[in-house]
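Student: So TrEMBL has the following annotated:
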type	residues	note
DOMAIN	203-296	domain 'ETF-QO/FixC ubiquinone-binding'
DOMAIN	432-534	domain 'ETF-QO/FixX C-terminal'
Amino acid sequence: MEYDVVIVGAGPAGLSAAIRLKQMCSEKGVDFSVCVVEKGPEVGAHILSGNVFEPRALDELLPQWKQEEAPINVPVSSDKFWYLTKNRAISLPCPFNNEGNYVISLSQLVRWMGMKAEELGVEIYPGFAVSEILYDANNKVIGVATNDMGVAKDGSKKETFQRGVELKGQITLLAEGCRGSLSEKIMKKYNLREKAHAQHQTYALGIKEVWEIEKGKHNPGAVIHTLGWPLDQKTYGGSFLYHLSDSQIAIGLVVALNYHNPFLNPYEEFQKFKHHPAIKSLLEGGSVLQYGARTLNEGGYQSIPYPVFPGGAIIGCSAGFLNVPKIKGTHTAMKSGMLAAEATFDALHEGSDMETYWDALRNSWVWEELYRARNYRPAFEYGLIPGLAMSALERYILKGKSPFTLKHGKPDHEATKVASLCSQIQYPKPDGVLSFDVPTSLHRSNTNHEHDQPAHLHLRNAKIPELVNLPDYAGPESRYCPARVYEYIPDEKGQLKLQINAQNCLHCKACDIKDPKQNIEWTVPEGGGGPGYSVM
């Protein structure tokens, strides 16, 4: 199938690019064909985010969004920032300015954007997982291919077998979200990090639940962020608690993946967090509606790769535009998609170069915003207190204009210490009221994969788990994965062997990032598999 533009991923960046392209077509009286491929079973099914939404990019893209009934209707009404000790919540000056922002479900917003894109003539294909980049003889990208459907675990073709589809485009835009599997390959192939003198990307894992709480405790638009307990002083991270509409709240814990102790379990830290007196009193009497997890980019300005490759560009969180101190990346991802769309239109219509996207990005408010925020995240390399002191200096005195740019520490997988240097962490058993075991949570994520298919999680060396990860690091993959995909199980001789439960996968990508030897490669499963988020 041939198109003018092929976009991989129907998230905020991909859909913003598709919408902007079609807007320009109608402005200039031309018609370029635009196709968006999405691995989720429907648009929005794999989208998970906090999300306090800054409407700046949407105001530019679809200025009539209020009249057109976008699912954005809970303005931020209050903003609190707490430092937690085990039993207390100490109020700190709030570093966020959320005036004019909204508490939303990003999966719902993306579904609405998908409808807007289709109204403009964009073709969207959910349930198709793109597994391959297509190149011409000169190593230029000429499109993508989806994987075959109906292949059994042993590689044989089932009765439901369908050959993958080649989607060829004059320009291909990759909008796969954080740690996109194709984007990572493209960055390596064309040395895009080196080309921009960018540092490695750094990541965090966000674990989230949506609760329905008692009406009397609900305060629409109330926003709370916390630092401190249950994480130790060396581990960067914090929690969020946002009051949505209809007595619903979004609650989650974000843990930076450069944590040191291999015994740390982000999922269990989140379960523990919900028992804090200030949180527990809000949740009691409520019930969980949905659970999910996703990694996010925290590298910011220092880690942005050169985003243009022969035949296309990388947009949104695949390139990493999250503003860490704001804890917001949707507006910047959308804007990057819009700028790439404008460069794409000019390339198709006037024969200009896609490099104009890079120039436009560096002259945009995205660049200015990330430059001002560049020193917050790396300041926490030195621990919580120095990080807070440095952040206060940046925010209130230097106002983002400091004469230096801090560097990130080691890549996340190298930050893990060997188990013998760390103390074990004992986590309390879940009570089934506020805290839950992984299978219960997994059920709430609506995760579903066709069981009889080749595993989409590949070990580059099958021996490393038993020879390195287990003896040296006490099997950290059994803890950093929030879906119990990785389990060490005794074989008939009583030797522990790694078992991969690929059908549990939430597509969070933590394994691809945190494995100490970078031995796990995350690839796409059969299209339509994975979580089924509706309110995340």
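Glycine residues also receive a Cβ, built from the backbone N, Cα and C atoms like all the rest.
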Student: Tell me, roughly as an integer, the mean pLDDT over the domain 'ETF-QO/FixC ubiquinone-binding' (203-296).
Tutor: 97
Student: Could you break down the residues of the domain 'ETF-QO/FixX C-terminal' (432-534) into DSSP helix, strand and coil, giving a count for each?
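Tutor: So the domain 'ETF-QO/FixX C-terminal' (432-534) is made up of 29 helix, 18 strand, 56 coil.
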Student: Can you break down the domain 'ETF-QO/FixC ubiquinone-binding' (203-296) into helix, strand and coil residue counts using DSSP?
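Tutor: Tallying H, G and I as helix, E and B as strand, the rest coil: 18 helix, 43 strand, 33 coil.
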